[in-house]
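A short worksheet on the structure shown next.
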Amino acid sequence: MANDQHFGKICIITLSLLLFGVTSNCPPGKFGWKCNVECKCKTDTSLRCNEATGKCKEGCDNDSYGPHCLFEKSCMYDEVGEMYTGTVNMTEKGIPCRQWDYINDNAKFLKGDNPQNFCRNPGLGLSGAYAFKPWCYVDRSQNDTTGSDFEYCELQKCSCPKYLFGTGCTKQCHCNMTDEVCDAMNGRCKSGCAPGWVGSGCQKKCDIGKYGSGCSQTCEKCDRDDCDPETGVCRSGCVKGYSGLYCNKNCPPGKFGWKCNVECKCKTDTSLRCNEATGKCKEGCDNDSYGPHCLFDKSCMYDVAGESYTGTVNVTAEGIPCRQWDYINDNAKFLQGDNPQNFCRNPELSGAYASKPWCFVDRSQNDTTGSNFGYCELQKCSCPKYLFGTGCTKQCHCNMTDEVCDAMNGRCKSGCAPGWVGSGCQKKCDIGKYGSGCSQTCEKCDRDDCDPETGVCRSGCVKGYSGLYCNKKCDIGKYGSGCSQTCEKCDRDDCDPETGVCRSGCVKGYSGLYCNKSCEVGRFGKDCAFLCGNCKHGNPCNVLTGVCMGCADGYDTRDIMCQTKCDIGKYGSGCSQTCEKCDRDDCDPETGVCRSGCVKGYSGLYCNKKCDIGKYGSGCSQTCEKCDRDDCDPETGVCRSGCVKGYSGLYCNKSCEVGRFGKDCAFLCGNCKHGNPCNVLTGVCMGCADGYDTRDIMCQTKCIDGKFGAHCSKRCGNCKDGESCHHAKGTCENSCKAGYHGDGCSQQCDDYFYGEGCTHACGNCENNSTCDRASGFCLNGCLDGYSGTRCHMEVLQEETEWWIIAVAVVSSVGVLLVVACIVTVCIRRFKSRSVPLKHGRAEDAARNGQAFEPVGVERRITSASSDDSDDNEEIGNVPSTGDPATAHDGYLI
């Protein structure tokens, strides 16, 4: 019997497990809910796919690929084909693909993939970005001018196999009609959701405590309301007093307690059965029983002093009948609801009890005991089967469930039942222990709360585990209590089985600890770690690949992620436009506006405007200098047509040097007055220097026609050998011609002088007249006693007596003394009134190193040089004319 019961318990657990689908395996080649999805692993049936996920342990067969080996090699199952590992090797234009090792780049292929010459969409660059669909390298012909060495492949999207749907076909259909194929996009079922599933795509399990179609049914008396969402079978056992797969069965009528093996004796109406857990009768005991469980015969007492006795014995130990308890008015307190009548009782009196039941009696007159009560003799009740201890309140927990334990201490000959220990098998296993002798440790039960008998976790599993015994780790992609929650968008479905935190990051397009947040606008890729490029019109990039549907102006469309700016010198949509005359070709890649200014010679935002006349340099910001017609080179500023008058240099920024004028300062100024510069534009002088004709306003014409000096107002022309005089000074280059002297040779020799420089004194001409100023000839002859053309030769007379000479000498001396006296007086009287010599005479004499003496005084002049043979002749006394004013040009006396 015991073995049968134990076997029955095992059968129940096993049936439960079968219904839950926990321990059963799908047939080879099948997986998933109801094992209705076919996987295509390698043909060896021993290498079947995972029953939960469909993943092939040893790879796919030759015609399939993908994590579940579900897809044909001619299609791609993800959005942009980055997971494609099929065998298509032709581009959309029909060009054969080249081997991927043709070029050494940083393409990142899926682990274990052998790309050969097949279309792929590998990760590229540091960000691991993808194109918007698979592609391959191609070998273009020489006539192909497209310039790129790759092309895209045209692959159809894979259709999901039967019973799968969604992106990557990762979700299973849960249709009411199990052979129905749900919608491939959203999982909707025409027949509605299967029992245990709700939601638009039938992907949500029933809440705890609910099960069945539409989750409309409530679990029965399942421990913690934990029933299977499809069947309602209680997965964690029943609450006390209930049994069965659904925990909807009470103990049989008249049974209660552990294993429902204790019989209670309630009133005969079977509808009024006892409490399945405590045995308490809800409507009282039958006529032969009493006590809280209606277990005891009314002729015995079950407690030590009988204070709980409510039976029908009414005779004392002495055989004296008991009197009615209302015979005496005292303070006896009976049990609530008891009708003591004349039955033996042990009521409370003044807060105390007697040693055993008693009653009042009516003694005879001969009785000398003097007491009016007597004790009743009641036997101790023996405990019913499976109960023991005082009041029979304890249940036996024997290993052999039909064994009757010791009535006093509960000891079992077969030992304690699993889950119980102690001398009376009354102590349940400590928390975390179960089984025979509490020798086994609960698995991953929540709060270590496993059933002390079976080890079944009563409060569910800690997060990360599932199953009745919580000894099964969550499958990949599941987490939480009972593995009831599905990982969010974790990479490789790898979330922490306890918390759901994604351990390997998120799939592309999602972020956050739980990968339940879609990428913010402007971000993409794994964990949304990358910033989108510059997509057209500010549109977001693809959250998985980062690919833009067209680039914003200024970005190279050859970079499908639009992160590469236009090459230097290019701008606009597709970088198709060329910058104008920007400095260093630096234009804004979007607008073409020149950011570093223009090359020299151009201006404007786009540097497409040549400099206006008169402007040059970067941005045409500089003004040409004094260029003729404002014509300077727009780049350098060099004046191309020369300078305006008054300026010179390449840039015409230099004023004419002093003494130059005109266009490019090419002309020399004339001879302006006082050495002043001429007008740099016209060359006109503000007056001419001496020797230049003022009728020539540029003072470049020297005095002519024998004129010289200021305004050519002086005349000259008596130069030696007919030479012209100096135009400014009037001087002759080689000296004056004979007979003239002075600065401009304009003065004839003074009287009595002649020759070049008027340095020769005339001879003794007739009548004391002057000689010819040029030749020195005496034109009217000589004085008596002289001869020669210049009358220099004295004629001597032999007849002259000595005495005559003596008289003449004495007379001369006397005259000289008189003259001396007169001169002395005149000098003192007219000291300050001396009159200069007539111009030229004394001055010329002094200049030529000669002494000048007044006429009438004997003198001798010796010339340093002479032009004729008479130069060295002695010249005698020059006779006086008798008129001092005309006789010589000495001092006026």
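Placement of Cβ uses the backbone N, Cα and C atoms for every residue, glycine included.
Annotation in TrEMBL places Cys136 in a disulphide bond whose other cysteine, of Cys97, Cys175, Cys182, is Cys97. According to DSSP, the domain 'Kringle' (306-381) comprises 3 helix, 15 strand, 58 coil. Confidence for the domain 'Kringle' (81-158), expressed as mean pLDDT, is 82. Its Cβ placed at the centre, Cys97 (disulfide bond) has 25 other Cβ atoms within 10 Å. Here the domain 'Kringle' (81-158) has, by DSSP, the following mix of helix, strand and coil residues: 3 helix, 15 strand, 60 coil. Here Cys136 (disulfide bond) comes close to Asn89, Thr91, Cys97, Arg98, Trp100, Asn117, Phe118, Cys119, Arg120, Phe150, Glu151, Cys153: these same-chain residues lie at least six apart in sequence, with C-beta atoms under 8 angstroms from its C-beta.
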